[in-house]
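> Marked as disulfide bond by Swiss-Prot on the basis of similarity to another entry: 55-61, 59-68, 314-347. Residues or ranges marked as O-linked glycosylation site in Swiss-Prot (evidence: similarity to another entry): 34. Residues annotated as N-linked glycosylation site in Swiss-Prot, with sequence analysis given as evidence: 212, 263, 304. The repeat 'LRR 1' annotation in Swiss-Prot covers 74-94. Summarising the annotation, Swiss-Prot assigns repeat 'LRR 2' to 95-118. According to Swiss-Prot, the repeat 'LRR 3' annotation covers 119-142. The repeat 'LRR 4' annotation in Swiss-Prot covers 143-163. For 164-187, the entry in Swiss-Prot reads repeat 'LRR 5'. As annotated by Swiss-Prot, repeat 'LRR 6' applies to 188-213. Residues annotated as repeat 'LRR 7' in Swiss-Prot: 214-234. The repeat 'LRR 8' feature in Swiss-Prot is assigned to 235-258. Summarising the annotation, Swiss-Prot assigns repeat 'LRR 9' to 259-282. Look at Swiss-Prot and you will find 283-305 tagged as repeat 'LRR 10'. The repeat 'LRR 11' annotation in Swiss-Prot covers 306-335. The repeat 'LRR 12' annotation in Swiss-Prot covers 336-360. Here Swiss-Prot flags 1-16 as signal peptide.
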């Protein structure tokens, strides 16, 4: 009886299943020899089934997270666990995403491909990712946005690439999209198709900063709450370009070349709370601030503003229903602070919220 028990224990040790990582930072392989010499012979037994999916070599797998970052990979690893929810492939040397690279990853929610050398993505590469919500492709060499992105996608970040075109067709059917980040690309206004973003009914956040665009993109969706266009070459704010943006709460237009803000522009954004127009070429305070009901933060520093009127920011009189300002910056403008009437800021919440300074 004892001999039988010893035989079974030895058989289990000798024919152990293949290596499986049990934790995110567990790279240690158990000793496969287990003290059994080559002269030992046992009858053949069926190979034990692995307890779970294999983890790609050198990657770390834990709780449906597969981390393969900073490994010098030049292609997507094979045999990825089918239950993977987050796949991190950032900081590698991958040059191409091919059809079949993500096959069987039907549970993937987040795909991180930041800081690779990707210049080509096959049209059907993302087709198997039927639950993908977040796609990070920043710091690569893409010239166009990928085609046939999953309809479940909510967040797309593709800044610091070589994108020159944004076609309306690439966003068709992406009705769940909330965030689009396209900053730091050699993109021009002519490269953005009119109404390219219009079909995304839930889109809330767009950032197209540090590009070569000269105008605010046309046909933006009314669902937008944040629009960041800082660091471009925009010279004028057109009232028509902001028409219909009834839900916009934050507008970033700093570090452009804006000299004019059309009358009525701010009226087209009735729920705007924060306006960044710093580091431009404005020679006066934009019209419409005093009548705007909700705006609370206005950045106008580093412009060419030489005078500030007593009704530029607040409605006439002290009995006003306008929301109080919590921040107004006017420093680094030609206007001298002692030339501004104290009543100019009668609707500012606290005096410390006003930033004035000498022009340099």
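Along the chain as shown, the residues are counted starting at 1.
Each Cβ is built from the backbone N, Cα and C atoms, and glycine gets one as well.
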> What does DSSP say about residue 61 (disulfide bond): helix, strand or coil?
strand
> Any idea what the model's mean pLDDT is for the repeat 'LRR 11' (306-335)?
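Summing pLDDT over the repeat 'LRR 11' (306-335) and dividing by its length gives 88.
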> So for residue 68 (disulfide bond), how many other CB atoms are inside 10 Å of its CB?
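Step by step: centre on the Cβ of residue 68 (disulfide bond), count other Cβ atoms within 10 Å, giving 24.
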> Taking 10 A as the limit, how many CB atoms besides its own sit near the CB of residue 212 (N-linked glycosylation site)?
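Around the Cβ of residue 212 (N-linked glycosylation site), 14 other Cβ atoms lie within 10 Å.
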> I need the CA-to-CA distance for residue 68 (disulfide bond) versus residue 61 (disulfide bond), whole Å please.
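That comes out at 9 Å between the alpha carbons.
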> How many of the residues that make up the repeat 'LRR 4' (143-163) does DSSP mark as helix, as strand and as coil?
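The composition, in the requested order, is 0 helix, 4 strand, 17 coil.
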> Is the repeat 'LRR 8' (235-258) packed against any residues at least 6 beyond its ends, judged by a Cβ distance under 8 Å, and which are they?
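Counting only partners 6 or more residues beyond its ends, the repeat 'LRR 8' (235-258) has Cβ contacts under 8 Å with 209, 214-218, 220, 222-229, 264-265, 267-282, 286, 299.
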> How big is the gap, in Å, between the Cα of residue 55 (disulfide bond) and that of residue 263 (N-linked glycosylation site), rounded to a whole number?
60
> Near the repeat 'LRR 6' (188-213), which same-chain residues lie under 8 Å Cβ to Cβ, leaving out any that are not at least 6 residues past its ends?
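Distant Cβ neighbours of the repeat 'LRR 6' (188-213) are 159, 164-168, 171-182, 219-221, 223-234, 252.
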> When the repeat 'LRR 6' (188-213) is classified with DSSP, how many of its residues are helical, how many are strand and how many are coil?
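So the repeat 'LRR 6' (188-213) is made up of 3 helix, 4 strand, 19 coil.
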> At a C-beta cut-off of under 8 Å, are there same-chain residues at least 6 beyond the repeat 'LRR 11' (306-335) that contact it? List them, or none.
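That would be 273, 278, 283-285, 289-300, 341, 343-350, 353-360.
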> If I take the alpha carbons of residue 61 (disulfide bond) and residue 212 (N-linked glycosylation site), what is the distance between them in whole Å?
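Distance (Cα to Cα, whole Å): 41 Å.
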> Return the member of 59, 263, 304, 314, 347 nearest to residue 212 (N-linked glycosylation site) in space, with distance defined Cα to Cα and candidates limited to these recorded positions.
304
> Around residue 263 (N-linked glycosylation site), which residues of its chain at least 6 apart sit with Cβ under 8 Å of its Cβ?
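Set apart from residue 263 (N-linked glycosylation site) by at least 6 residues yet with Cβ under 8 Å, we have 239, 287, 288.
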> Could you tell me the C-alpha distance between residue 347 (disulfide bond) and residue 304 (N-linked glycosylation site) in angstrom, no decimals?
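Just about 24 Å between their Cα atoms.
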